[in-house]
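Swiss-Prot has this to say about the protein:
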DOMAIN    34-196  domain 'FeoB-type G'
BINDING   Gly41, Asn42, Pro43, Asn44, Thr45, Gly46, Lys47, Ser48  GTP 1 binding site
BINDING   Gly66, Lys67, Thr68, Val69, Glu70  GTP 2 binding site
BINDING   Asp87, Leu88, Pro89, Gly90  GTP 3 binding site
BINDING   Asn147, Leu148, Met149, Asp150, Ser176, Ala177, Arg178  GTP binding site
TRANSMEM  321-341  transmembrane segment
TRANSMEM  385-405  transmembrane segment
TRANSMEM  473-493  transmembrane segment
TRANSMEM  496-516  transmembrane segment
TRANSMEM  556-576  transmembrane segment
TRANSMEM  628-648  transmembrane segment
TRANSMEM  657-677  transmembrane segment
TRANSMEM  699-719  transmembrane segment
Amino acid sequence: MMKKSATTSSACNGCPAHSGNKLRRMGTDAERYDFTIALAGNPNTGKSTVFNALTGLKQHTGNWPGKTVEKAEGAFSYAGSSYKIVDLPGTYSLLSTSEDEEIARDFILFGKPDVTLIVADATRLERNMNLILQILEITDRAVLCANLMDEAERNGVEIDLRGLSRRLGIPVVGASARSGEGISDLLSALSEVAQGIYRCTPHRLTSIGTEIDTRIDSLAESIRLFHPDTPNSRWLALRLTEGDRRVENILYADNEAPAEKLKKEVDEFRRNFGEDLHDQLSEALYSDAGKICQEVITQANKRGRTPLDIKIDRIVTSRKWGFPIMLLMLALVLWITIVGSNYPSQWLSDSLVGILHPLLKTRATGFLPDWLSGFLIDGVYLATAWVVSVMLPPMAIFFPLFTLLEDFGFLPRVAFNLDELFRRSGAHGKQALTMTMGFGCNAAAIINTRIIDSQRERLIAILTNNFSLCNGRWPTQILLATIFLTPAVPAYLRGVIGIGSVVAIALLGIAFMFFFSWVLSRTLLRGQVSTFNLELPPYRPPQFWQTIYKSIVDRTLVVLWRAVVFAAPAGALIWLTCNIQIGGVGIAEYLIDLLDGPGWLMGLNGVILLAYVLAIPANEIVIPTILMLTVLTTGIDGGTGAGVMFEADGTAETARLFEAGGWTMLTGINLMLFCLLHNPCSTTLFNIYKETGSRKWTLLAALIPLATGFVVTVAVAFVWRLVGG
């Protein structure tokens, strides 16, 4: 039970008026609503958990900063009124100009929500207070949810919520959103503020100085005079004095007298009180935050963390053990993924390719023309079936494991360990987080680069993320390591060599990411490395089954659907290139002959290069395409027709086909390298263009890894042939 000083519970909370049965979760049905709620707060405070508890949606939550990178909307109804709730990106401040901070600030300021629900971490309220006070400078209608009250109690933190409410001038509710405790009180507070029953008198900065405060009020009055429809003129006045470009663009939209008068007032303010008010404003915020927290927080554990957390971090983030543990965890996740996905992948392949494909062909005979049957069943269907059978089982294992590590709190420690390396390479420390996301899916990681404040450093993260070996490329690496590397060692070492070689490829990708971040930061994207706060969240036991469900639904199936959308037309294209002939020779054979020259230079062949061209929509269909093209060019037994992708019966049969195609150990090793170092898939390229809005940066993101792959494979092939004769 929570201590009385750390909860808002009262004797009446059990009555119907305060029970949660008035809540009706409406998911995304927000077309008609009476009130709008902005959901704001620091990263990793449980905002998304509160959002899910109110709306019934399943937005992904994780135990690390930066999970929400854009606005998510949901709806609920309570006590006869309907509400739209907008989950804003988590941010530590509203005073700078990163994308997530601008989204949050602009919605609270210009979106005019009826209530701003601020979610704070009760175990670290003093760290959250800075943002709370900034939000209260913007809006007059807010509710504070002190979340994670159960953890606060375990850590010996007691909060006088009534005293905090008096000091802030807004309702304050204690809650534990994961268990649903306090949600009914939160709903009641939101309803009262939205309907005007509770009149907020929000805290205003008191440590900024009387003279500055008077001048700010005078400038705010001028803004109200010239722009009467603009919300919160005081906050806009503060931002004008700091030179906020977006606010200047809004208020200086014309060059007429009002704009000139405002500019003169701002210039006079800066002459009297300095060019930069930022330091003084920050000092005032920290001063007020410190005074408030000192009054309302009693903390038995002054460090705010359990001794066990501290002991674990001394090992996990140490210089001696941090990297070995990180590599061990990566190897363990890979091993579980590899071993666990073998049988499900085989079962799906047997079902979708071995049973359903021939059945569809039989049913189509006499019903569809041969060319249409081949196009739809051998092309579109078979490519889609391959993507599902090869991609679904590893993702269904990898993503839940990845998410469990998120929820436990391990991934921020990985970012902490890698931060210094990224800083030295001229990149932002948060790139460590997007790099880790890239191991699951590069396309998703590109979107999550929004957590990086600096546009320059965000571009570096986008341009180099493809060096993270994504989930779609793991099966190819594993197959090649099994066929070409493990047979050269004793049987008892084969598992270690197989896993070790794949981990080595992944580490090589990280090394290239550091290298190109360093190059870009000193050439095309010069600039100073930004500083940032990386908060190490407490270790939390994951909600196991809920995490499994969410990771499969929100990640695995979403990524799989995107891959299928691109794989289906790719299958059609592959079938067409193999079956359309010119002068009695298929287009595919012409292209293979054309690519054999550069393929030989790279230690590969024309079949492999054409497979990568045709399989650009999805990395998962590279190996089936290679096998199909190998059968087409060699004329050996295998497959069921031109342009029909298939899988050999086991690695031994696959090895036989590779050998028939003229493959050597050099081919296998260089294909492992090229699998890492080639252009992003079409889904990732689409996301890059969407995030950058630039064809130039999208093209560069494709050329950097592709050119690197060409140079590396040519160099390896040259040395190999030189040494081997």
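Heads up, the Cβ atoms here are built off N, Cα and C, so glycines get one too.
Keep in mind it's a predicted model, so treat the numbers as computed, not measured.
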Neighbour-count leader, CB within 10 A, binding-site residues: Asn42, Ser48, Asn147: Asn147
Distant-in-sequence neighbours of the transmembrane segment (496-516), which means Cβ under 8 A and at least six residues beyond its ends: 327, 330-331, 334-335, 338, 421-422, 425, 427, 435, 439, 463-465, 467-469, 474, 477-478, 481-482, 485-486, 489, 672-673, 675-677, 704-705, 708
Remote residues contacting the transmembrane segment (473-493) - C-beta distance under 8 A, at least 6 residues beyond either end: 334, 337-338, 345, 390-391, 394, 398, 501-502, 505, 619-620, 622-623, 651, 654-655, 658, 665, 667-669, 671-672, 675-676
Top Cα neighbour of Asn44 (GTP 1 binding site) in the set of binding-site residues Asp87, Leu148, Ala177, Arg178: Leu148
Distal contacts, the transmembrane segment (321-341) - CB-CB under 8 A, six or more residues away: 315, 393-394, 396-398, 401-402, 405, 410, 413-414, 417, 474, 478, 499-500, 502-503, 506-507
Cα distance (Å, whole number) from Gly46 (GTP 1 binding site) to Ala177 (GTP binding site): 7
Around the Cβ of Met149 (GTP binding site), the count of other Cβ atoms that are within 10 Å: 29
Inter-residue Cα distance where the pair is Met149 (GTP binding site) and Pro43 (GTP 1 binding site), in Å: 17
Alpha-carbon spacing, Lys47 (GTP 1 binding site) to Arg178 (GTP binding site), which is rounded to whole Å: 11
Inter-residue Cα distance where the pair is Asn147 (GTP binding site) and Asn42 (GTP 1 binding site), in Å: 12
Max CA-CA distance, Å, over listed GTP-binding residues Asn147, Leu148, Met149, Asp150, Ser176, Ala177, Arg178: 11
Densest Cβ neighbourhood among Gly41, Gly46, Pro89, Gly90 (binding-site residues), 10 Å radius: Gly41
